[in-house]
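K.L.:
Below you'll find the structure I mean.
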There are 2 protein chains.
Amino acid sequence: MRGKYREIQEKIYEYFHARPELQTPLEISKDEHRELCWRQMYGLIKEAGIRPLKYVVEDPGKYFAIVEAAGAVDISLGIKLGVQYSLWGGSVINLGTKKHKDKYFEGIDSLDYPGCFAMTELHQGSNVQGLQTVATFDPITDEFIINTPSDGAIKWWIGNAAVHGKFASVFAKLMLPAQDAKGVSDMGVHAFIVPLRDLKTHQELPGIEIHDCGHKYTSSLPTINKRFAATLGELVGGRVSLASSSTSILKVANAIAIRYSLLRQQFGPPNQPEVSILDYQSQQHKLMPMLASTYAFHFATSYLVEIYSQMKTTHAEQLVGDVHGLSAGLKAYVTSYTAKSLSVCREACGGHGYAAVNRFGILRNDHDIFQTFEGDNTVLLQQVAADLLKQYKQKFQGGTLAVTWNYLRESMNTYLSQPNPVTARWEGVEHLRDPKFQLDAFRYRTSRLLQSAAVRLRKHSKTLGGFGAWNRCLNHLLTLAESHIESVILAKFIETVEKCPDASTRAALKLVCDLYALNQIWNDIGTYRNVDYVAPNKAKAIHKQTDYLSFQVRNIAKELVDAFDLPDHVTRAPIAMQSEAYAQYTHFVGF
Amino acid sequence: MRGKYREIQEKIYEYFHARPELQTPLEISKDEHRELCWRQMYGLIKEAGIRPLKYVVEDPGKYFAIVEAAGAVDISLGIKLGVQYSLWGGSVINLGTKKHKDKYFEGIDSLDYPGCFAMTELHQGSNVQGLQTVATFDPITDEFIINTPSDGAIKWWIGNAAVHGKFASVFAKLMLPAQDAKGVSDMGVHAFIVPLRDLKTHQELPGIEIHDCGHKYTSSLPTINKRFAATLGELVGGRVSLASSSTSILKVANAIAIRYSLLRQQFGPPNQPEVSILDYQSQQHKLMPMLASTYAFHFATSYLVEIYSQMKTTHAEQLVGDVHGLSAGLKAYVTSYTAKSLSVCREACGGHGYAAVNRFGILRNDHDIFQTFEGDNTVLLQQVAADLLKQYKQKFQGGTLAVTWNYLRESMNTYLSQPNPVTARWEGVEHLRDPKFQLDAFRYRTSRLLQSAAVRLRKHSKTLGGFGAWNRCLNHLLTLAESHIESVILAKFIETVEKCPDASTRAALKLVCDLYALNQIWNDIGTYRNVDYVAPNKAKAIHKQTDYLSFQVRNIAKELVDAFDLPDHVTRAPIAMQSEAYAQYTHFVGF
């Protein structure tokens, strides 16, 4: 599963494995953790010789693989790399001119110029156009004066600012002198490189005031609305990285929870040995659909990385819509799912899951912010819904659709008719496990939600206006966006299964894919029943098959987890060690 | 909402409010936190003069109110009190003889005898009968020899043991001399008071080896199976306390998330001011059904506290079944719900929700273990299901039912018939908001799940045996248990609304209750549709009404939160301050 960037990931794992002093201890103060995180990054760049900014430009997939592997060492390190290279570096590369790149590229890549991405303000996050910081051009001195006019405009959550940053890309409303009555003209939000600290003494420069936002090192790149997206569009790389890192964190959690569930025994039939807790239907129900989703996300995010890299290296215009929509959607969908799953994994491992050394708590706390930064998930899903509605309109106008959305062209026609009352009753296993049935069901749902959303929006906008109508349909639109993302994920999974060259691997993946598909259909069985897409007997058969597939996937769960290729020194949790887990645990405690 | 123990809770809040040095700081090492937590408890007992053990016996409701208020100061303090008074104290009171009580009661109450509850072992948690620690009676010395025969039998997660405990109630298999060939007889698990440390020097006593399980101070009282329950039954008090403390934590989280959502503004109609984020349908969808559940849990857990107190003070035998079942069910249901909701609240508050000072992270980390200790939730729900099946059998044998289960008597008869195809189509608001419809729907679901579970278990036990059949139906049984608990919660909520003497409060509560009921029905609409209990038009009407009620509850959300009666020095999060929230926040950061 590790794919073509395995080599550089091994290099990172080995670098940290060989340097136990760079491992983050369980108990560490915020200030010490910041220093350690800096030393980890410094070692990676200066000692292990990794040069991420080069890959940001030339091979983004490799860059994401670096961030992902660093995140497995400590999520904070992955985030700190993201701030330095995706956000600060990315803003210079993508928004800067040749002059900026010539001046800053090497210093950013070598860590001589640590920097920040200063967009979010205390009062403004998602609504970037509402930023209050002002950049006024002074024609006399030929300078830009960057000003924070009120407390609400204080730049907030600026990763790398509190201690290490030398520069920041500051986002501010540009004011230019104008000939009209007001004398100035608001040119909208632009980015400015602002020096924060002296390069030699590291003293804060005059006019700069920096305070620490407090516990939880973080950085936040909020959602970008459409007009602004024209400027900042290149920064979707951060979302691609988050979707893929989140999947990677989900893999680590899966590996720990499933390996421990195979080891742990509790209760059993009378006068017989206790059974592994993974033999309980309830434990399978918690963990096996999650394992299936992890596989599904792996293939979907790998695809996203691939088309993003194509877009960046070939500058293929036709990929832009796809990459934007899919990165917003997958970032939101995957990070929300992972956040919930980390809690499920903890709880599925009982008391031992609660021990800090077994990592769920730390993973969850560090991953949590993935749902908010680089675009709040609820806001990002609205972008996806808005895109879908745009495509829907274009369909009726005969325009071209982005590749990922393409299925809507035919599905709309097929699915606007009434569901077929005969197939609605089919309940045979062969039918339920037919990818055509599964994909049709997913796409039917999306098409129906899209069509009804369009109708409702049109109706409500007459009385409520655009903003009011959108808000009145908001839950509907969010469901639509999720449904679309699920359709894309399933299509990619089915494609992967069909392409798999090895017969027994293909059979295993098919099991996992079927579990993913049927579990999702069952989760939303109400919708399918409401339109009689699925008859009661079929609903029951889908439920039964989901339980059965969970049981079958459980029988190959060990191998499915092994395929993540995560050695014990990466998973690290004593309860998940592949030999003598309990002994490692008692040893850790001091017995 | 604070009820009859408001006075003692105020006293606790005020005590800590006046002693800022006892406030837990955001950054604190494990060892310092243990010491601080001890000092907090010590102050509460020795300075504020609270004597909890007295209330454990005489007025359990008051005891729970103390633990709840202490938990609002720091959840760790609530848990440490629980270990000392419910677990260590409770085991002496409930399992000890007069001799034990005379010797230990005063020392436990005054904190001179801090103690532990040593049940869980490294390899054994939920399966208490599988404990490996052995107590052998030596008739020569007239002593019990308590032995840990293997690493797997090491007592694990023993709260209060690492630093402060002087004694422990140790659970061990009692071996007595016997006349038969083996020479010893296994008498099952019993509790033994074992001195751990010297009362004066605090040195570990000979033969005792204590190590620290590591980060996350915790204690674990696992599920008790039926035979063992006869001995340990009195300890259900811990579960009552957890259900009520969990509701209290949910209130704090609700208050912070809702107050901030009223304050925070983001986006808005063109050329108009930005709107409060609580005006977004998506935010209402996240927070309003949660607020309704919080109210529902408040009334249900208050009722549980009431019948538990009755049982303890009047020794009314007929309440035992009710209290056992309901405490297991509510503890599992409420703590799982709160755990999920704390994540939803954090995410709903975006970046500021992620700041440690705004408390969601700490609340979530500390509350998390509520799902596992004093009985793993998945195991507890199985107890509820087993109880229901027992009642089901008794019904056919004409026996009496426990009060809480009583509805099953009539509902079984009514609901085993086909759903009424006429009422299945009724979609009028008056009908949907009729408590009779709502309660019937909840109970119909429970009865149907119960009846089908009984049939399936009978069928599978022929081929799989009892253990195998139970496991084959496990997900079904867990759903049954949850459905039953929801039925009990709704019935209690409806009763509270009907009894409410003030007309406008009653109207407000009715809104909240309707939202709770319809949201639950909508969440499981698939089940209702599958049996045509609800026709498609009605399903749609329920969905619409749920959105609309969320909107209506939003309009009184401030008042509903104010009714929790949580002053700013208890909620503490700067973003939730009732005046100048942003200013407090910037002040905290240092501007």
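Placed from the backbone N, Cα and C atoms, the Cβ positions cover glycine too.
Keep in mind that TrEMBL annotations are predicted by a computer and have not been checked by a curator.
Sharing the record's features from TrEMBL:
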- B:Thr120, B:Gly159: FAD binding site (BINDING)
- B:233-388: domain 'Acyl-CoA oxidase C-alpha1' (DOMAIN)
- B:Glu374: active site, proton acceptor (ACT_SITE)
- B:434-577: domain 'Acyl-CoA oxidase C-terminal' (DOMAIN)
K.L.:
To the nearest whole angstrom, state the Cα distance for the pair B:Gly159 (FAD binding site) and the residue listed as 'active site, proton acceptor'.
P.N.:
12
K.L.:
When the domain 'Acyl-CoA oxidase C-terminal' (B:434-577) is classified with DSSP, how many of its residues are helical, how many are strand and how many are coil?
P.N.:
124 helix, 0 strand, 20 coil
K.L.:
For B:Glu374 (active site, proton acceptor), what is the tally of other C-beta atoms lying within 10 angstroms of its C-beta?
P.N.:
32
K.L.:
Take the recorded positions B:Thr120, B:Gly159, B:Glu374 and keep those with a Cβ under 8 Å from any chain A Cβ; what remains?
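P.N.:
Answer, by Cβ distance to chain A: B:Thr120.
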K.L.:
10 Å Cβ neighbour count around B:Gly159 (FAD binding site)?
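P.N.:
The answer is 26.
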K.L.:
Between the residue listed as 'active site, proton acceptor' and B:Thr120 (FAD binding site), how far is it from one CA atom to the other, in Å?
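P.N.:
Roughly 10 Å, rounded to the nearest whole number.
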K.L.:
Over all shown protein chains, what is the count of other CB atoms within 10 A of the CB belonging to B:Thr120 (FAD binding site)?
P.N.:
24
K.L.:
Please give the average pLDDT for the domain 'Acyl-CoA oxidase C-terminal' (B:434-577) in this predicted model.
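P.N.:
So the average pLDDT across the domain 'Acyl-CoA oxidase C-terminal' (B:434-577) works out to 95.
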